[in-house]
Amino acid sequence: MNNDEEISLLSAEIALLNVELNKKYALLKKKQKQCLTKLDINRYSRQIILPEIGVEGQKKLKTASVLIIGVGGLGCPSSMYLASAGVGTIGLVDYDEVELSNLHRQLLHAQCNVGMRKVESGKLSLNRMNEDVNIVVHDVQLDGHNSLDIFKQYDVIIDASDNLVTRYIINDTCVKAGKPLVSGSAIHCDGQLTVYNYKGSVCFRCLHPKPQSPETVGNCASVGVLGPVPGVIGVLQAMETIKIIVDHPNVLHNSLLLYDGVDCEFKKIKLTNVKRNGCICTKNPEDITITMDYEEFCGSKANDKFKTLNLLKENERITVLDLNELISKKNPFLMIDVRKKVEYDMCHLPFSINIQLSDLKSKDTRSKLIEKINSFSNMTPNLITICRRGNDSQRAVDELKKYTEITDNVKWIKDVIGGLHEWSMQVDENFPIY
Amino acid sequence: MEKGLNITTEFTSGLQILFNNIKKHKVVLPETENPWTLGMLLFWIKDNILVDKDKCDLFMKGNTVRPGIIVAVNDQDWELLGDLKYCIKNNDNITFISTLHGG
């Protein structure tokens, strides 16, 4: 054998040995994962000594994988508790970036991470809390096409999302993949918690066969939310997830838990344990399709972002730049800010008056408005409505145009496209955005 | 003695906004020929305690509650009890819950 031949033979042998070595490493890692190290025992001792967890329970946590959809008000607390409890793998799904207005309730995200992808910011913080936990990021908008492949990799699914469309997608995928679903929601000062599709229990669709109409669904951006409320629900989601992983007998079952933060009241509603006739969860998993158009089904989008309406004609609207010109030319106009009083108190244009949209219907309010219009002495003013982003201001124009006593006394009634948000973007960057 | 039914109706998870922001209403249902059912109660609520009648569609759709509202009688889902047909008893606590989706 010449030298060249010997080299290639040795290389081949080494390659084979390397394959073998890697297999052994993988096996070692797997075996190590199944037992608790000295550090594990120290770190998790306070929960291991509980009869509910024990050594077996802690091992189950270590080998378990949990998927959290939404790294927001609910996903932050639930992932923090699960990572700290030693859950081996945590998957995070989110398509969004960290915003300043998230920070009061989404405690995983630090102020310096505003603008960062939420999954990346979440991973950073969670690994800082517990470097042993494997954090997997899924930087995607969940839909009926990508959900199944993601869900298959996990044992328990946590719905920490913020919209109805995503809740249906999560439910249907859990049913098809046979995964328990720990569902939480929070808004204003109220929270709700349910576990679906667990040991034969009902699914989200059994309870909600028909989607509720979009105008009855509130979101945190418009209704508001107090930070501790999703905090409470997110922590409870972590608790039920731990109970599912360790196979505890008392997982919240066929029940809906309500939390009322204003009255500090919890209420547990017993739900039916009978699956709804013909519901998706009564079908064979192979027969379940999750490719329907969920946004069309719900009549809304798979996010809680603002939706722009176009109710008025182009000539019934002005831009913020038009408004700025009217101001500089000292054109006489009366501006009605139609937002809620609390929003007006937060920030408003100095020359605007506040009449909430719903109050325009009141005769009393309108006669006061007419007084204001008449106070322009011998000039006929224009009437301009404005709101946060330019939807309610259009509704206000429609409402005001119903009353001749108003239309007869002004030159025209228009609204401001994009509202105060746009004013801040284009005219006055010091005007607050919320 | 009033011969009607004494019950409590409760509106939670934001639904109270349709009822003057009052969550618990102790009400007396007047005496009727037929026993009071939940189906009858819905219309009674609409006529007697719903504040803004223009916003009725945020509470009812057709002859039942709108999608997204869960009804519970003494903390049990009304579906366990025959929903609209359930006969109301004295001292029942009937809760209307708006399902939340935010997070």
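All positions are counted from 1 along the displayed chain.
Including glycine, each Cβ sits where the backbone N, Cα and C put it.
Unlike curated entries, TrEMBL annotations are predicted automatically.
The ATP binding site feature in TrEMBL is assigned to A:Gly73, A:Asp94, A:Ser101, A:Asn102, A:Leu103, A:His104, A:Arg105, A:Lys118, A:Asp162, A:Asn163. All protein chains shown were included, and the count of other CB atoms within 10 Å of the CB of A:Asp162 (ATP binding site) stands at 28.
Residues annotated as Zn(2+) binding site in TrEMBL: A:Cys203, A:Cys206, A:Cys281. According to DSSP, A:Cys203 (Zn(2+) binding site) sits in a coil region rather than a helix or strand.
Here the Cβ of A:Cys220 (active site, glycyl thioester intermediate) has 21 other Cβ atoms within 10 Å, regardless of which shown protein chain they belong to. DSSP gives A:Cys220 (active site, glycyl thioester intermediate) a helix state. Marked as active site, glycyl thioester intermediate by TrEMBL: A:Cys220.
Positions annotated as domain 'Rhodanese' by TrEMBL: A:329-432.
Positions annotated as active site, cysteine persulfide intermediate by TrEMBL: A:Cys387. The secondary structure of A:Cys387 (active site, cysteine persulfide intermediate), as reduced to three states from DSSP, is coil rather than helix or strand. In sequence order, A:Asp337, A:Val338, A:Arg339, A:Leu357, A:Ser393, A:Ala396, A:Asp415, A:Gly419, A:Leu420 make up the list of same-chain residues 6 or more apart from A:Cys387 (active site, cysteine persulfide intermediate) whose Cβ falls under 8 Å from its Cβ.
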Among the recorded positions listed here (A:Gly73, A:Ser101, A:Arg105, A:Asp162, A:Cys220), which has the Cα closest to the Cα of A:Cys281 (Zn(2+) binding site)?
-> A:Asp162
Spatially speaking, which of the recorded positions A:Cys203, A:Cys206, A:Cys220 is closest to A:Ser101 (ATP binding site)? Use C-alpha to C-alpha, please.
-> A:Cys220
In sequence order, the recorded positions (A:Cys203, A:Cys206, A:Cys220) whose C-alpha falls within 10 A of A:Asp162 (ATP binding site) | A:Cys220
Please give the greatest C-alpha separation between any two of the ATP-binding residues A:Gly73, A:Asp94, A:Ser101, A:Asn102, A:Leu103, A:His104, A:Arg105, A:Lys118, A:Asp162, A:Asn163, in angstrom, as a whole number.
-> 20
A:Cys220 (active site, glycyl thioester intermediate) and A:Leu103 (ATP binding site), distance between Cα atoms, whole Å = 13
Pairwise Cα distance for A:Cys220 (active site, glycyl thioester intermediate)/A:Cys206 (Zn(2+) binding site) [Å, integer] = 26
CA pair A:Cys206 (Zn(2+) binding site) / A:Gly73 (ATP binding site), Å rounded to integer, equals 26
Hey, does DSSP put A:Leu103 (ATP binding site) in a helix, a strand, or just coil?
-> coil
